[in-house]
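Asks: Structure in structure tokens, see below.
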Amino acid sequence: MASSVGNVADSTEPTKRMLSFQGLAELAHREYQAGDFEAAERHCMQLWRQEPDNTGVLLLLSSIHFQCRRLDRSAHFSTLAIKQNPLLAEAYSNLGNVYKERGQLQEAIEHYRHALRLKPDFIDGYINLAAALVAAGDMEGAVQAYVSALQYNPDLYCVRSDLGNLLKALGRLEEAKACYLKAIETQPNFAVAWSNLGCVFNAQGEIWLAIHHFEKAVTLDPNFLDAYINLGNVLKEARIFDRAVAAYLRALSLSPNHAVVHGNLACVYYEQGLIDLAIDTYRRAIELQPHFPDAYCNLANALKEKGSVAEAEDCYNTALRLCPTHADSLNNLANIKREQGNIEEAVRLYRKALEVFPEFAAAHSNLASVLQQQGKLQEALMHYKEAIRISPTFADAYSNMGNTLKEMQDVQGALQCYTRAIQINPAFADAHSNLASIHKDSGNIPEAIASYRTALKLKPDFPDAYCNLAHCLQIVCDWTDYDERMKKLVSIVADQLEKNRLPSVHPHHSMLYPLSHGFRKAIAERHGNLCLDKINVLHKPPYEHPKDLKLSDGRLRVGYVSSDFGNHPTSHLMQSIPGMHNPDKFEVFCYALSPDDGTNFRVKVMAEANHFIDLSQIPCNGKAADRIHQDGIHILVNMNGYTKGARNELFALRPAPIQAMWLGYPGTSGALFMDYIITDQETSPAEVAEQYSEKLAYMPHTFFIGDHANMFPHLKKKAVIDFKSNGHIYDNRIVLNGIDLKAFLDSLPDVKIVKMKCPDGGDNADSSNTALNMPVIPMNTIAEAVIEMINRGQIQITINGFSISNGLATTQINNKAATGEEVPRTIIVTTRSQYGLPEDAIVYCNFNQLYKIDPSTLQMWANILKRVPNSVLWLLRFPAVGEPNIQQYAQNMGLPQNRIIFSPVAPKEEHVRRGQLADVCLDTPLCNGHTTGMDVLWAGTPMVTMPGETLASRVAASQLTCLGCLELIAKNRQEYEDIAVKLGTDLEYLKKVRGKVWKQRISSPLFNTKQYTMELERLYLQMWEHYAAGNKPDHMIKPVEVTESA
């Protein structure tokens, strides 16, 4: 405000009076500068009475009245000054100040510009003009005003600092920095410039330089409140919490009632985990500033962290009453609603937060997470991308987007997201865990283990990472601290179930750990409830179901739902069943959850089912369920359970009146929306029915089935070469199979038919015997040619016009057949030498994935090998990284390395065929060989098993019971070892058992797909009749046996 009194020289009074006037004027000016406006006005009025036309006095009076907010009086005296001197720039500037204060910015600017035209070197005029231009939004004009002032006086460091502030606000940080540096060069002790420079460095991410400059500012001015606040803020962001606390406390010593500083200090306490202290400090901030929505929001965060969720919710609501557009409170309240299961309200609040603040990255990410949970993956992806666009270093958004892409089967996209999240935040435990899951699913187990371990180092209390690491270690048979690991895993599950959280152990893995039946069922139940949560948001009314078969012309409509209609073990087992249903009584629908993989398995099911619907083209669960209901399905069969590719949400919507679990998943669904589990008395004894959420529906023999007779008909017969010619015939050293085997054998001279004693299908191998004919080719030139082909690694030779193929080098002709699935068209030779198996040893085998082996199983196997000296164990590199671990543990148990032989995983046909070379299969009690059990039995190899308490541990016993080989089922560990040892040491007994298995696989119901289908139909009809009579689902444990002739 211009307040010059320098016009006294114009006075015509005598010198004495002039001196008196001059002294009074200087006194008034000093009082004005000191802020004693009352005294300054009193003395100025004396001066004005002496010289009413003195423009200096008029200017000072104008300034005094302006400072006292008496704007009209200020304007009056400025106007009087202008009347006295129309060229008085300071008067126009003072009048401009009045207009600016009244909000009349254009009038203010015009007066400032007029002042500067009158006096181009008027520094205060430029400064006042700059302030008015800023208020009017003309930032560039304000910059030019400051620049003009500095052209007249480059040493005005305060002005240069103000120019820097303006440039900083415009985002021109380098220019702002230059201004502050010049101000400091001019006045090195100018604390404000040091603080402002610290703000620029902070904005540029130069945290340490920012800290240095704020500290310099408070050193220069120990009472510089704003600098202490800025220092505290940057230290807080840098997570240097102790020093941040010290800075905020110093600020509070200067201004004890500064609510914002109390709020910021509380934030630091919160980050330090001092929740109670944070709560008290937030409450103090609110006490000082009751209408402080930020403080209420942050207080709510702390209360929520403490577990006071209801009080936190109240605080968020208070913040929103104070400020209905408080985006953080909307977002955080949505988080609470989400955790309470009120998903719709959560979505509404997230959307409201984004309506208020469209660039709110966290709200985009949170909304995306809920949308993902609802199955709205494309919309979720859009919001994650928005979050990342807004905040390119938002590691959580990258990690969560990776989860969505993973669910959409975009593995590479997910991998890139997790990798980027870790690049942004190397200490982001969740991202390391998610990356590990990608490696795990891709079979890169060592990388998965490393990433899970990194996650646990960063976040030791991380149940998901711990349980997934435990599963990875199980896959590769790393049993370091095995017992301790199992105890901790059980403890984690117990704690999660108690707190009603989703357990970190997946239902499909629960069979591998020493969990109680109640825990396993509860784990499945939680996952079933997740499906219900997803479908509840669809608000679909319940479907109305038919009570009779009128609309289907008296036929029962059965729908099989699976993601495995293709080259998958489930299709290998059941591919013929859809086409074997009685078309007069059943109408079969197959609902595929996965795209066509182009294999014959898919083609067969598509061709033989009455209807084949690809639901992978209908990603919306509601619409997919509508399609099933529109088809009028009576019994909907769940073949996935909780395996990869499942869509249990379809079943949660209940599009069919009866819903049953079958074949593809070895356990209970735990879900209220599944009525039955199709099983059998051996697999699921009635006395353990409480292990299942479903009602038990028994098949008369076994619930398991294999389509091996259709897929591998060339293995129905075999011939062997008597390579030793010592009178002892081995049926599994050099084996020939083929569709044209009989014709080939008829072309050979000297083929002997050896009658092998074969027990009938009784309870043991000593029951009445029948003879089994086995063709034996003696050692002659033909046999030698076959052996030479194998030894030289030839692919094929021709004998008597028949092509003879090396079993290790089979080729396929049909491109639509999955690799290794085609039935060989030649005579195929399989030998122990091809796999490095000793010719003169007893070969025990197990072709399961290695995760099914546990320390106690390997110990049993080691005991067996020790008791059968001339024996080896044949395992698969499934995966290869498990081989050295198994070998090391076996050596620790006293077994030389050469007693265990590993082979690579083979294509399906070779895998089944080479099973003929083993003498005995040793099943894994923890989780049996299910499909692999069927494979080895079709090869004619006996399987020793010991049923446990879970469904997964009793399947092999069910298969053997159906086969009529009860003597291979052990009641305990000792009996398991004894049975295996007897088979390995009593060669006559081994022959009898092998002969029995070879015979029974054809004559028993185990591989009789047609009979199985008829029995399954009888069970379906029983379910329907029970439902049609108005009954709720109930156990069906008295199956009706059906013969194929029926």
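Cβ coordinates come from backbone N, Cα and C, glycine included.
When I checked Swiss-Prot for this same protein, it listed these features:
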| type | residues | note |
| --- | --- | --- |
| ACT_SITE | His508 | active site, proton acceptor |
| CARBOHYD | Ser3 | O-linked glycosylation site |
| CARBOHYD | Ser4 | O-linked glycosylation site |
| CARBOHYD | Ser399 | O-linked glycosylation site |
| REPEAT | 123-156 | repeat 'TPR 3' |
| REPEAT | 191-224 | repeat 'TPR 5' |
| REPEAT | 463-473 | repeat 'TPR 13' |
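For each listed feature, how buried is it and what is near it?
Replies: DSSP gives His508 (active site, proton acceptor) a helix state.
Around Ser399 (O-linked glycosylation site), the same-chain residues six or more apart in sequence whose CB sits under 8 Å from its CB are Cys417, Tyr418, Ala421, Phe428, Asp430, Ala431, Asn434, listed in sequence order.
Note on the repeat 'TPR 3' (123-156): residues 1-2, 89-90, 93, 96-97, 100, 105-106, 108-109, 112-113, 115-116, 162-163, 166-167, 169-170, 186 of its chain, located 6 or more positions outside it, place their CB under 8 angstroms from a CB of the stretch.
DSSP places the residues of the repeat 'TPR 5' (191-224) in helix, strand and coil in these numbers: 27 helix, 0 strand, 7 coil.
With DSSP classes pooled into helix, strand and coil, the tally for the repeat 'TPR 13' (463-473) is 11 helix, 0 strand, 0 coil.
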Asks: By a Cβ-Cβ criterion of under 8 Å, what residues six or more beyond either terminus of the repeat 'TPR 13' (463-473) are in contact with it?
Replies: 429, 432-433, 436-437, 440, 445, 448-449, 452-453, 455-456, 479-480, 485, 488-489, 492-493, 496, 504-506, 509, 512-513, 851
Asks: Over all shown protein chains, what is the count of other CB atoms within 10 A of the CB belonging to His508 (active site, proton acceptor)?
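Replies: Excluding its own Cβ, the number within 10 Å is 20.
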Asks: Across the repeat 'TPR 5' (191-224), what does the pLDDT come to on average, as a whole number?
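Replies: Averaging the confidence scores along the repeat 'TPR 5' (191-224) gives 90.
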